[in-house]
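> Swiss-Prot feature annotations, pasted as is:
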TOPO_DOM  26-244  topological domain 'Extracellular'
DISULFID  Cys153-Cys167  disulfide bond
DISULFID  Cys217-Cys218  disulfide bond
BINDING   Glu265  Na(+) binding site
TOPO_DOM  280-301  topological domain 'Extracellular'
TOPO_DOM  321-468  topological domain 'Cytoplasmic'
MOD_RES   Ser407  phosphoserine
MOD_RES   Ser410  phosphoserine
TOPO_DOM  488-499  topological domain 'Extracellular'
Amino acid sequence: MGVVLLPPPLSMLMLVLMLLPAASASEAEHRLFQYLFEDYNEIIRPVANVSHPVIIQFEVSMSQLVKVDEVNQIMETNLWLKQIWNDYKLKWKPSDYQGVEFMRVPAEKIWKPDIVLYNNADGDFQVDDKTKALLKYTGEVTWIPPAIFKSSCKIDVTYFPFDYQNCTMKFGSWSYDKAKIDLVLIGSSMNLKDYWESGEWAIIKAPGYKHEIKYNCCEEIYQDITYSLYIRRLPLFYTINLIIPCLLISFLTVLVFYLPSDCGEKVTLCISVLLSLTVFLLVITETIPSTSLVIPLIGEYLLFTMIFVTLSIVITVFVLNVHYRTPTTHTMPTWVKAVFLNLLPRVMFMTRPTSGEGDTPKTRTFYGAELSNLNCFSRADSKSCKEGYPCQDGTCGYCHHRRVKISNFSANLTRSSSSESVNAVLSLSALSPEIKEAIQSVKYIAENMKAQNVAKEIQDDWKYVAMVIDRIFLWVFILVCILGTAGLFLQPLMARDDT
């Protein structure tokens with residue numbers, strides 16, 4: 001099917017006919033604008049009777065909660081202020097203007113209520129009037145200007161980062177009292193239909209209230225509409241980046257008391273934990289308000305943990321001092337033995353390995369028998385070597401039996417700590433001076449070994465006392481860490497239940 005082409009004159013005629021309604025409507029709006037603002041004064045209140053107030057319907061719509069500055073205690077919000085009133089000077093008949101019922105005009109051309117934010121902290125108190133207002137043929141004026149407000153807000157950081165805040169926004173006319181402007185609240189709360197969710201704060205509720213206040217400066221009564229914005233901080237960021245690392249560091253503090261004293265790294269671990277906590281404390285000081293009225297919850301926890309670590313350093317130094325004590329420097333009191341070696345280990349379910357001493361009586365009996373045999377041997381009947389007639393090659397029965405006895409006795413004596421056995425040997429007058437000197441040396445070695453064993457036992461007792469002290473503070477710090485953490489972080493929950 002081919003395309004039908006109209007003659008050029010006919011095409012021009014149809015184009016003119018299509019543009020006539022648009023041109024006619026534009027002409028109607030132009031005439032309407034001239035009619036409305038020919039004698040209009042944007043300074044005069046739009047009331048027929050000067051004693052009547054202008055009724056202003058007011059509503060705030062929250063678009064975005066931009067930021068809550070805890071340091072400067074400022075809340076920054078993006079709001080739409082909906083204001084509706086009736087201006088009797090801006091009425092017309094739609095039939096006179098080709099059915100035009102609505103018209104948008106610049107806001108600076110008409111009278112507007114001077115609604116301001118009373119608790120503004122920064123920036124302009126009034127909204128920008130560069131937006132247009134919507135006029136209806138009945139005289140109803142609707143003006144919804146957007147604005148970014150920075151309002152002052154008293155922020156209580158006691159339970160930071162699990163805190164709830166109540167920030168108020170007070171709107172009202174700055175120059176018109178109740179007799180000139182009557183504010184009417186639309187709805188019972190802030191409009192949150194177009195609210196863009198914040199990544200740090202959640203809005204619980206935002207009720208609005210109308211107040212009538214008489215200020216000291218004036219005799220008139222002024223109205224205001226105040227919105228109470230109840231917000232809750234989302235603690236996920238602070239939980240992951242602050243609280244959990246602090247919990248882990250506190251757990252490392254507990255492990256200090258489980259680390260053996262011989263390792264030599266106990267104090268190093270304590271100081272490393274203390275430095276880590278100091279870094280965390282420097283980090284959070286930039287995120288909380290600089291106020292001396294209250295200490296935030298996370299600050300209390302870090303302070304608690306820092307005291308915790310400091311005490312662990314002091315206790316660790318004391319434990320190391322006890323661990324390395326010797327009999328030459330310290331004498332263990334009786335009460336220390338009774339408490340730390342007998343009582344507390346049983347209470348703490350600690351078992352200490354005991355050294356085997358069951359062979360001591362048997363060994364002493366054996367050594368006594370050896371000495372008895374040696375004394376009997378000194379009174380033997382052989383007279384060749386005993387009576388001063390020594391053999392030439394030492395192969396006689398007396399010499400051979402004597403060498404065997406002395407060899408066996410010397411070998412056994414080195415494992416004995418009995419002074420009685422050695423003294424019995426020294427009393428043998430039949431032995432030669434060389435044998436007596438050897439036995440005297442063996443006696444010295446035995447006594448020295450006995451003294452070393454006693455000293456080692458005392459050192460082991462001091463080490464065990466240090467181990468008991470470590471175990472006591474291990475459980476004490478575990479309980480304090482658990483109870484302190486639970487007590488601190490359950491406070492916001494209990495405070496919320498009370499309210």
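Each residue, glycine too, has its Cβ placed from N, Cα and C.
Tell me what's around each of these sites.
In the three-state DSSP assignment, the secondary structure recorded for Cys153 (disulfide bond) is coil. Less than 8 angstroms from the CB of Cys153 (disulfide bond) sit Val68, Gln73, Ile74, Met75, Gln165, Cys167, Thr168, each of them six or more residues away in the same chain.
Within its own chain, Cys218 (disulfide bond) has Asp177 as residues 6 or more apart in sequence whose C-beta sits under 8 angstroms from its own.
For Glu265 (Na(+) binding site), applying a Cβ distance below 8 Å and a minimum sequence separation of six or more within one chain yields Leu259.
Across the topological domain 'Extracellular' (280-301), mean pLDDT in this model comes to 77.
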> Quickly jot the same-chain residues contacting the topological domain 'Extracellular' (280-301) by Cβ under 8 Å, restricted to those at least six beyond its ends, or write none.
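70-71, 73, 155-163, 238, 242-243, 245-246, 249, 485, 488-489, 491-492.
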> Tally the residues of the topological domain 'Extracellular' (280-301) by DSSP class, grouping H, G and I as helix, E and B as strand, and everything else as coil.
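Taking the topological domain 'Extracellular' (280-301) as a whole: 10 helix, 0 strand, 12 coil.
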> Of Cys167, Cys217, which of the disulfide-bonded residues has the most Cβ neighbours inside 10 Å?
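Checking each of Cys167, Cys217, the winner is Cys167.
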